[in-house]
Amino acid sequence: MFYHLIAPLKNKTPPLTYFSKEQHQKGALVNIPLRNKTLLGVVLEEVSKPSFECLELEKTPYFLLPFQMELAIFIAQYYSANLSSVLSLFAPFKECDLVGLEKIEPILNILSQTQTNALKELQKHSASLLFGDTGSGKTEIYMHAIAQTLEQKKSALLLVPEIALTPQMQQRLKRVFKENLGLWHSKLSQNQKKQFLEKLYSQEIKLVVGTRSALFLPLKELGLIIVDEEHDFSYKSHQSPMYNARDLCLYLSHKFPIQVILGSATPSLNSYKRFKDKALVRLKGRYTPTQKNIIFEKTERFITPKLLEALQQVLDKNEQAIIFVPTRANFKTLLCQSCYKSVQCPFCSVNMSLHLKTNKLMCHYCHFSSPIPKICSACQSEVLVGKRIGTMQVLKELESLLEGAKIAILDKDHTSTQKKLHNILNDFNAQKTNILIGTQMISKGHDYAKVSLAVVLGIDNIIKSNSYRALEEGVSLLYQIAGRSARQISGQVFIQSTETDLLENFLEDYEDFLQYELQERCELYPPFSRLCLLEFKHKNEEKAQQLSLKASQTLSSCLEKGVTLSNFKAPIEKIASSYRYLILLRSKNPLSLIKSVHAFLKSAPSIPCSVNMDPVDIF
């Protein structure tokens, strides 16, 4: 008789002991009886016979691979998350007959000498940062690294931050790796996911391109992980467990013989500081030499005569333009011109956004919506106007001002399904549309030959925000959007901002900005300090505050040396009818932070809170 400690999946019950007539390996998936139900569980370890009576488990053909088990345990510990919830993120493996595919000989473009040198340098390190300018040929280096990995009979994973990147990236990779390639993201149907996993089990799929959840797939003999656009905040989960997929990849490179390459034209300050003295590979210049002219317009207006002239020139030459707008929908706020009050969500302490497509105001936090009011609820005035412009308003204005222009929008409202996303991108690629207006989705990795003009509107709303990363996020975004223009033909970048004197200093070389920001960034914030954010919420504001005060008192006796604590009302005070209070822990030593949080959670299990280790922002 054998006894095993089992973590029930999709259940917050702590690990339980079950018996079996045969021995099971760590990571095996088993069926277990629990509260009159049969659940899946994961074997954590074999244990001695307990003093109490145990129920019997039943084996299944599925199991988690060693790297998956190691990663799950690390996530639970580092992010202070429930192990059963973490294990539920992972897709298990199943042994089956291997598909006898004909060996694919990838037909790759020949690398330039600079690219060849960069690839050789990357291969010297288990983890490295490929800091390559937009258009410098990072993707070609990725493909050569992947081909070499597959040649060694190992599998490879290419992570991209958003689904919007995957169709175009997939097309380029499909031509080279054919049936060895599989695409994974959250919008696949259950049937599509099942078919995908069957091909993964048979090792028909050896290369996976996917968003952050692809890291939890059972890739047998995983030898290479590439994190494209590593700076992107989309790699950070905002639901428990609040992991960062990029950081998890670096952990795997430390624990297993898995090479990790982080790639970006605008690497995060954290990654730049981590790699700049040991494993940073710099790739300067463009693979295709083109000219790019940067035009600044110091204005708070959006659709100006100067911008219209630039767009008309693009249309006259039968070329294309992309326009970045920081807000989807029509306006960030609907503002009364008499009392200057905006329309706020009744359940959250944030302004609602105007969506003309559905004729509604919507809260982007709790998704509450309401009809557009005709009068101000505060003063009864009928003069309500938008404070900030959005994608739909830009579309409507340009359609009325640019005769014959074919304009489309790329934002979350217009890409609710994979089919809609494909249609928008395919139409733009086929030049069925001349102008593509988008939010941050438009900055991410798109490569279109006829784009000769990239327009940046409203960047001031980002660089003037309250975030400690505001300038980094804004300048990075400028570079990324500018990189969509003049990839194969000469072009222009048109930037509207009242901060032109500041931004002009950083548009020659992004590394200049990184070095500037390393000097200017306060030592209280990353990459110099590590942060952990604890959130306490309640429908009653006073009780939410009491929870945070009680937690502060308990934490004070749990803090490791060098950990500081600050307690405050959340900048967004209320979300989904719950009031929010935050405790921010800081330390230069991440282990001290983790120990402090673990001690607090153990000392005060009755105080409900969410733990966000390494938050990308404080809101």
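Any Cβ shown, glycine's included, is placed from N, Cα and C.
SER136 (ATP binding site) carries neither a helix nor a strand DSSP state and counts as coil. The annotation ATP binding site is assigned in Swiss-Prot to GLY132, ASP133, THR134, GLY135, SER136, GLY137, LYS138, THR139 on the grounds of sequence analysis.
On its own chain, CYS379 (Zn(2+) 1 binding site) has CYS336, SER338, CYS339, LYS341 as residues at least 6 apart in sequence with a Cβ closer than 8 Å to its own Cβ. Residues or ranges marked as Zn(2+) 1 binding site in Swiss-Prot: CYS336, CYS339, CYS376, CYS379.
Per Swiss-Prot, the feature Zn(2+) 2 binding site maps to CYS345, CYS348, CYS363, CYS366; the stated evidence is sequence analysis. Neighbour density for CYS366 (Zn(2+) 2 binding site): within 10 A of its CB lie 17 other CB atoms from the protein chains shown. Secondary structure from DSSP puts CYS366 (Zn(2+) 2 binding site) in coil.
The feature domain 'Helicase ATP-binding' is assigned by Swiss-Prot to 119-285.
Here the domain 'Helicase C-terminal' (371-532) has a mean pLDDT of 85 out of 100. Marked as domain 'Helicase C-terminal' by Swiss-Prot: 371-532.
Here the motif 'DEAH box' (228-231) is broken down by DSSP into helix, strand and coil counts: 0 helix, 1 strand, 3 coil. The motif 'DEAH box' annotation in Swiss-Prot covers 228-231.
Within the chain, the motif 'DEAH box' (228-231) has long-range Cβ neighbours (under 8 A, six or more residues past its boundaries) at 129, 138, 142, 158-161, 165, 169, 246, 262-264, 266-268, 271, 444-445, 476. Between the C-alpha atoms of ASP133 (ATP binding site) and CYS366 (Zn(2+) 2 binding site), the distance comes to 38 Å. In this structure the C-alpha atoms belonging to CYS363 (Zn(2+) 2 binding site) and CYS376 (Zn(2+) 1 binding site) are separated by 18 Å. DSSP assigns CYS345 (Zn(2+) 2 binding site) to coil in the three-state reduction, placing it in neither a helix nor a strand. Of all the binding-site residues in the list CYS345, CYS348, CYS366, CYS376, the shortest Cα-Cα distance to THR139 (ATP binding site) is found for CYS366.
The Cα atom of GLY135 (ATP binding site) lies nearest to that of CYS366, taking the binding-site residues CYS348, CYS366, CYS376 as the candidates.
LYS138 (ATP binding site) sits 43 Å from CYS345 (Zn(2+) 2 binding site), taking the C-alpha atoms as the reference points. All protein chains included, CYS345 (Zn(2+) 2 binding site) registers 24 other Cβ atoms within 10 Å of its own Cβ. The Cβ neighbour count for THR139 (ATP binding site), using a 10 Å radius and every protein chain shown, is 20.
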